[in-house]
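Right, one structure below, let's go through it.
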């Protein structure tokens, strides 16, 4: 099994509703470790660059607006098969389709405000981590 790193973002709805500890508990119980974490307020430019893959999608403007509406927590998680493991504990993108016992199944109600982001591939994990963290910040 491969030890991987993945990016996690606890979105503004998570920070606003003060459930950061709840989400971190799900992460830690899954066997993943948080090796870097910081709170930040994304600028419009940062959000547009980070989500550039979606720039031609109808939800792009709303996504950028939401992701800049309040602080986020960006994290780097590490562990065996971290990317697929974190995606599994996040649950389906649409909380209505997410299983109970997943972050979105237990804490989210809306596909547009679904609490968390996680990298979807090893290649994207490398890019996304480098977007927010210098290598020296990863302990």
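For all residues, glycine too, the Cβ spot is worked out from N, Cα and C.
Around residue 117 (active site, pros-phosphohistidine intermediate), a 10 Å sphere centred on its CB holds 20 further CB atoms from the protein chains shown. Residue 117 (active site, pros-phosphohistidine intermediate) falls within a strand when secondary structure is assigned with DSSP. Swiss-Prot lists 117 with the feature active site, pros-phosphohistidine intermediate.
What Swiss-Prot lists as ATP binding site is 11, 59, 87, 93, 104, 114, and the listing cites sequence analysis. Around the Cβ of residue 93 (ATP binding site), the same chain contributes 104, 111, 114, each under 8 angstroms and 6 or more positions distant in sequence.
Each of the binding-site residues 11, 87, 104 was scored by how many other Cβ atoms lie within 10 Å of its Cβ, and the smallest score goes to 87. Cβ neighbour count for residue 114 (ATP binding site) (all protein chains, 10 Å cutoff from its Cβ): 22. Spread of the ATP binding residues is 21 Å (greatest Cα-Cα distance among 11, 59, 87, 93, 104, 114). Between the C-alpha atoms of residue 59 (ATP binding site) and residue 117 (active site, pros-phosphohistidine intermediate), the distance comes to 16 Å.
Each residue contributes its Cα atom, and for residue 117 (active site, pros-phosphohistidine intermediate) and residue 11 (ATP binding site) these two points are 7 Å apart.
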